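Enquirer: According to TrEMBL, the feature active site, acyl-thioester intermediate maps to B:C95. Feature annotation from TrEMBL assigns active site, proton acceptor to B:H348, B:C379. If you look up TrEMBL, you'll see B:8-260 marked as domain 'Thiolase N-terminal'. The annotation domain 'Thiolase C-terminal' is assigned in TrEMBL to B:270-390.
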Amino acid sequence: MSTAIEQARELFKDEVVTNAISRDVELPYGAGTAVLITLDNGHDHTKPNTFGPGGLLSLDAAIEAAKARTDIVAVAVTGKPFIFAVGADLTGVPAIRTHEQAEAIGKLGHDTFRKLGELDVPTFALVNGAAMGGGVEVALHCTYRTISSGVPAFALPEAFLGLVPGWGGTYLLPNLIGAEKALKLIVDNPLAQNKMIKGPQVFEMGIADAIFDPADFVEESLRWAAKVLKGDVTVERPEVDKGEAWDNAVNMARFVVEGKLHGAAPAPARAVELVAEAKNRSRDEGFAAEDEALADLIMSPELKAGLYAFDLVQKRAKRPAGAPDKSLARKVTKVGVVGAGLMAGQLALLFARRLDVPVVMTDLDQERLDKGVAYVHGEVDKLLKKGRVNQDKANHLKALVTGSLTKDAFSDADFVIEAVFERMDIKKQVFAEVEAVVSPEAILATNTSSLSITEMASGLRHPERVVGFHFFNPVAVLPLLEIIRGDKTDDASLATAFAVSKKLKKTSVLCKDAPAFVVNRLLTLFMGEVLGAVAEGTEPEVADRAVAPLGLPMSPLMLLQLVGPAVGLHVAETLNEAFPERFAVSPQLKAVVDAGKTAIFAPDLSIDPEVKALLAGGDSPSEESAILDRALRALAKEIHLMLEEGVVAEAADIDLCLITGAGWPFHTGGITPYLDKVGVSTAVNGKPFHEGDPKAF
Amino acid sequence: MSRTARDVVFVDGVRTPFGKSGKGLYAETRADDLIVRVIRELMRRNPGLPPERVDEVAIAATTQIGDQGLTLGRTAAILAGLPRSVPGYSIDRMCAGALTAATTAGAGISFGAYDVVIAGGVEHMGRHPMGEGVDPNPRIISEKLVDPSALVMGNTAENLHDRYPTITKERADAYAVRSQEKVAKAYADGKIQPDLVETLVRSAEKGFGLATQDEPPRPGTTMESLAGLKTPFRAHGNVTPGNAAGLNDGATGTLLMAEEVAEELGLDAKMRLVDFSFTGVEPEVMGVGPVPATEKLLARQGIGMDDIGLIEINEAFAVQVLAFLEHFGIADDDARVNPWGGAIAIGHPLASSGGRLMMQLARQFAERPDVRYGITTMCVGLGMGGTILWENTNYEGGK
């Protein structure tokens, strides 16, 4: 073994090795003896099989042992219960220091996996459970594949993290099922919030040759393999179109990637180009190109940011920094929602679905109340129509959500959340009315996006039960929930808020009671720089385009349209009041709001000329790069100040908020790894946010 | 409302290979997975049977705990992917579990309540050793309701040697050697394999594997090799691991239906359930159970042992088979008795064994159109015997 591999093993010294365990099986119908390799890391399904150097060497040894035999008719590979294999072990990747080390990892994978396609006997992958990345590639290298109809997740998520499926995926998959379908898995799905497909789709797409029920999947797969070996079953696969269809699919993928990322992340584009060439390359050439791409990408800051972001949403999100001991949480058996507007309706539906407790909405106006409840019932009907709930469950959910004109209906509620108009006096009055009927321990939560929790609680008999519970719109899509502790909020109330958030399946981040908390403060600042540039004379289209190199999910003006100019203005006013030196209230934005404009763009996605006129201002336009720079500088400065203020525990929480509350991308790691990478952090604050590589903990 | 009893037929049977408990084939495999594999294979082998036509899934297990609990018949039906409309329940009559599943569910067919049933049993004695979790009522001891030796099956076998002094250890060992020989020959002739469904086994150490044949048989067993074995139940006793069935894991399933339904579905009725009988005996000599159970059955049907052409008797202990043979004046090596060997060699996963007796009898019937009647009979813990009388549907009269 080369020294590069030894070095790689050293980097992965904490590897949980997935062992490849060989056992002879007597195939049915007298088909002969096969070696069945089980991939098993010795843990249950909660710690899935992965491939580090140790795992690859174990698989290599198993294949070599089978290769040396003359008494077998086939080799089959399957996983441990519920898990086939979920890809490369990425824990050692941040420690990789040289291009050679990175290339060695890529090559070791290829050198091992490709043997499955180059044995003298046929090989069968029996994909019994979740398969991702390198796990999928193991299967692709085999001669034949069967899949369990119960496989819950099958994906090539590499491009989502900042890699390419470079252990054979970009070469073998398009040559198996064609470029169009392959790109769906290699590029489209990773860029669509890392979408995964299920067993039946794997079969329908032609990736697996046969599909069997989970109950006796391995037995029936081995029977099928025996029939294939005996010639009783012939596997027929449609011929892959390597002509125009291939090129069209590649061009479409190039267009999509460019449109979504504007060159901000290298991996998806690299994957597309590997697929583009896969039809012309030999196996050796294809695999060598993958090795090189992997080595380049493993060393890229985008991958480091991607892995950091992955750890944030997978791990840090599950253990919110600063949350009190969960044993302090109180039970929530009934929820009140003050208000019957759109937000209130979304909240009522979410609480009913996830907490499975009665939810009462209140409003002073019968018509609005009826509309609010009707909205929720209508959403339940949509779930029913989509088959997400059955009729019984739909009946149950509808029965859970009711309306009341008076707050007496809250008397036995343990958790009341208000979603009324964003004005302190109104909210204080609402809380006073609610406090008059509920128990002294009932939580009073506010969905305010920018008002002070402490002030809202002042004047109550029990201010310690007030917490901020700030959702992001659309509630069903964005996972973030900013949980805000007021000055007097006690641990039990806060613990209850976190417990409720967990049941709601939200990602919660504890925030101090600071103006606009985290996401709105930063987005408003960011937007303010763009609007400022426009006001100074930059064309709105130019300013809007200036931040495209970040690869954000939508442009600043599109975001402004989504949240609504009036809401945007309101948050800006709050922040201006708190920090006048950094947050301006844009007179132009105010003019747009005053003009009653609710949209920035016309239906054809050009900027509404009237809005454009209202936004326009001075005569000193800026270059795109200058606008991007000033926006990044503003962010770096503000995040630094927020951390000094203690708005959240660490920079990692800022990034977690931006990823889960604003959809900011993995390849920027939220934002602080990006600010470090481009040097803005040091330029503005004198030091980076992260010493060395960004770490989620 | 008047009703006519319907004829009930055995259509098919399938079992997992039997394993040795402890460190054997199924050491890390669940019991419910075994019975699920069997049920699915039964359905697969009978594509003419629409799954929704199954009216009941009766599954026996002696220890109904953990993976053998949770109303196993229903759980197994769900896990096997049968339609939700198919009900199921669990049965326990210790070793005669599957036998009782067949008689109980079969009686329901005759009564007209069911058309089609799956009857089977499973016992994973490795995961669930005999007596796991039992809590015998103290009155059993204080009122001497049952001799304390009755709770240990090996002791009841020693007691049976006392009752039948002519059955010596040598006779028991000779019987055991023949059982091993017959199983070896039946395997060589391919008689056993058709009833087996290859079954996935798992081992954390060895990975997944496939069980394709019974693990317990010890071909080549001789009188000499048995002579030196210990007698764990009594010093200088007669019962050894060599002349008794071992501790085993396995599952069996049978498909029973009304004869007219088998005809309607185009399925092959292999034998007809004529009658059955269960009888109690003193628990401390439970092994004698098949004697009165069979006597009662023969008397009711007005036939004699001479009319029985094939006897599948469970071999929990050699002595218990020999007691039965001695009672009926049948020679120890009579060709009618367990022609393909028995549980001493193949294994006896308690509640599942009755299914094996039935499927082997059915296959023997197919080879023996000259035989009209056969029985499957077993002794049962706590002093019972159970016998089913079957009629060969291939019987060609006296020709």
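Note that Cβ sites are derived from N, Cα and C of the backbone, with glycine treated the same way.
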Enquirer: Whole-number answer please: how many Å between the C-alpha atoms of B:C379 (active site, proton acceptor) and B:H348 (active site, proton acceptor)?
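Expert: It is 12 Å, counting Cα to Cα.
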Enquirer: Through the lens of DSSP with three states only, how would you label B:H348 (active site, proton acceptor)?
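Expert: Once the DSSP labels are grouped into three classes, B:H348 (active site, proton acceptor) ends up as coil.
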Enquirer: Between the Cα atoms of B:H348 (active site, proton acceptor) and the residue listed as 'active site, acyl-thioester intermediate', find the distance and write it as a whole number of Å.
Expert: 8
Enquirer: Based on DSSP, tally up the residues of the domain 'Thiolase C-terminal' (B:270-390) by helix, strand and coil.
Expert: 54 helix, 33 strand, 34 coil
Enquirer: List, in sequence order, the same-chain residues at least six positions removed whose CB sits under 8 Å from that of the residue listed as 'active site, acyl-thioester intermediate'?
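Expert: Looking at Cβ-Cβ distances below 8 Å from the residue listed as 'active site, acyl-thioester intermediate', excluding near sequence neighbours, one finds B:T62, B:N314, B:A316, B:H348, B:L350, B:A351, B:S353, B:G354, B:M378, B:C379, B:V380, B:G381.
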Enquirer: Specify the count of other C-beta atoms within 10 Å of the C-beta of B:C379 (active site, proton acceptor).
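Expert: Step by step: centre on the Cβ of B:C379 (active site, proton acceptor), count other Cβ atoms within 10 Å, giving 33.
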